[in-house]
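Read the structure below first, then the notes.
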Amino acid sequence: MQFVLVLNCGSSSLKFAVMNPTSGDVLLNGTAERLGHDVGSLTVKDESGKAVQEIKPGTHAQALELIVETLKTKNLMDKIAAVGHRLVHGGEFFKESVVINNEVREKVAECIRLAPLHNPANITGIEAALKVFPKLPQVGVFDTAFHQQMPEKAYLYPLPRKFYEEFHIRRYGFHGTSFRYIASQLESVTGLKNPRTVVCHLGNGGSLAAIKDGHSVDTTMGLTPLEGIVHGTRCGDIDPAIIQILQKQFHISATEMNEILWKKSGLLGLSGISNDCRSLEEAMAEGNEAAIRALEVYCYRLAKHIAAQMVALNGCDALVFTGGIGENSAFVRANTMEQLAFLGFELDKKANEETSRGKQGKISTANSKPVWVIPTNEELLIARDTAQLSGMTR
C-alpha cells in the first residue's frame, strides 16, 4: 500500500498528514508550530494518541526532518509515494492542480507580490520537501484554482483597467480546495443534481462561495484573504478610506496598519477578548457585552454575504456550513439563518444543536430551503489530486 504525504506550510507552522488517497484513512498527522522562533514544537498524532517534541531552532527544514524521523520510526517512510502541497495563491497561472517543476516554482514565486504573507512559506515548504524527498513527485494544489472560472463581472474591481491588465489586480478567492471538496459531495449528500449552493466555510479565516454546476461563480474573498466576512483576526470588508484616516490620525506606519488589519481586527478586535468563537460564546453566555456585540456583527455580516451570493446564483437550492465554526457552532448557524427567514430558511432547533464534532446532516425543517452541515476534508482532496497526477491512481 502506498500513501501520500500532505503538507500545509504556513509562515510559522507546518501541518502534515500521511493519507491513503483511496480510502481517506489518516495513518499519521501533526503540526509543527512556532517555526522561526528559538524553539518550536512538533505534535504528532496516530492511533495510539499524540506526542510532542521540541524543535531547535525551529525552522521548516528541521521540522520536516523531524517528521521524516517519525515516519521512519513508524515504518512509513518507504510507503510514501508522493508529496502534496497546499499552495495558497496561484494567480491566473493555475486553474487546476499541477506537478511541481521549476516552471511551477517560478510562477509561485511570481505570485509572492499577490500573497506576501503566504506564498513565501509555501515555497519554503516545497524547497524543504524537495531536499528530503528528491525522487518523489511533488504536486501543488492551489486555494485560488477553483475560483478561476468566475465570470469577469465577479472578479473585476472597479479600478482603472490598467491595474488589472498590467498587474493582475483582481478578485481571486481562497478556500478553493474546501469548496471543491464540498462541491464533489453535494449530489450524494443532498440528493440534488447540480444544486445552486451557497457554501459557508467558516473558521478563523472564513469565506463563502456560490457554486453552480459544480463551479464557483462568485466568492467573498478577493485579491487577498482579507476581504469578505468578519474573520477571527482579519477585518473583512471595510471602507478603504479608513486606512489613510487612521494612519494620519494616529501616525501609524504601513507595516503597523497591516498588522492591525490582519492580526488585530475581526472577532478579536470587536470583542477585545479572543478570536476564538468558542471563547466568545462562553463569554456571551456569562453576559459579556463585548462578546455579544462581536458575535452579532459576525452573524449579521455573514447573513448579508449569504444573501449576496444568492444573487450570483439567481436563487438557491441548498446552503452548506463547513469549516471549524460552520461545523461546530450551532449558535452562529441559528443566529445567521434567523436573519434569512424571509428568504425561506428555517432551522430545526434539535437537528442544529445535535450536529457538530464531525457530524454531517440536514439541519433545516421540512418546509425550509435545505441547509446542511458537511464536514470538509481538504487534505483528502489534496491527497487524491496528488495520487492522480503522480500516477498512483488512474
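Count begins at 1; order follows the chain as displayed.
Glycine is no exception: its Cβ is also placed from the backbone N, Cα and C atoms.
As recorded in Swiss-Prot, the features of this protein are as follows:
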- Asn8, Glu378: Mg(2+) binding site (BINDING)
- Lys15, His201, Leu202, Gly203, Asn204, Gly205, Asp276, Cys277, Arg278, Gly324, Ile325, Gly326, Glu327, Asn328: ATP binding site (BINDING)
- Arg86: substrate binding site (BINDING)
- Asp143: active site, proton donor/acceptor (ACT_SITE)
- His175: site 'Transition state stabilizer' (SITE)
- Arg234: site 'Transition state stabilizer' (SITE)
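What Swiss-Prot annotates, mapped onto the structure for a quick look.
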{"residue": "Asn8", "record": "Mg(2+) binding site", "contacts (Cβ under 8 Å, 6+ apart)": "Leu14, Lys15, Phe16, His85, Arg86, Glu379"}
{"residue": "Asp143", "record": "active site, proton donor/acceptor", "contacts (Cβ under 8 Å, 6+ apart)": "Arg86, Leu87, Val88, His89, Gly90, Phe174, His175, Gly176, Thr177"}
{"residue": "Asn204", "record": "ATP binding site", "contacts (Cβ under 8 Å, 6+ apart)": "His231, Gly232, Thr233, Asn275, Asp276, Gly324"}
{"residue": "Arg234", "record": "site 'Transition state stabilizer'", "contacts (Cβ under 8 Å, 6+ apart)": "Gly205, Pro225, Leu226, Leu261, Trp262, Lys263, Ser265, Gly266"}
{"residue": "Arg278", "record": "ATP binding site", "contacts (Cβ under 8 Å, 6+ apart)": "Asn328, Ser329"}
{"residue": "Glu327", "record": "ATP binding site", "contacts (Cβ under 8 Å, 6+ apart)": "Phe321, Ser356, Arg357, Gly358, Val373, Pro375, Thr376"}
{"residue": "Glu378", "record": "Mg(2+) binding site", "contacts (Cβ under 8 Å, 6+ apart)": "Arg86, Thr177, Ser178, Tyr181"}
Cβ-Cβ neighbours of Ile325 (ATP binding site) (radius 10 Å): 24
Neighbouring C-beta atoms (10 Å sphere around the C-beta of Asp276 (ATP binding site)): 16
Count of other CB atoms lying within 10 Å of the CB belonging to Leu202 (ATP binding site): 27
Recorded positions: Lys15, Arg86, His175 - member with fewest neighbouring CB atoms within 10 Å: Lys15
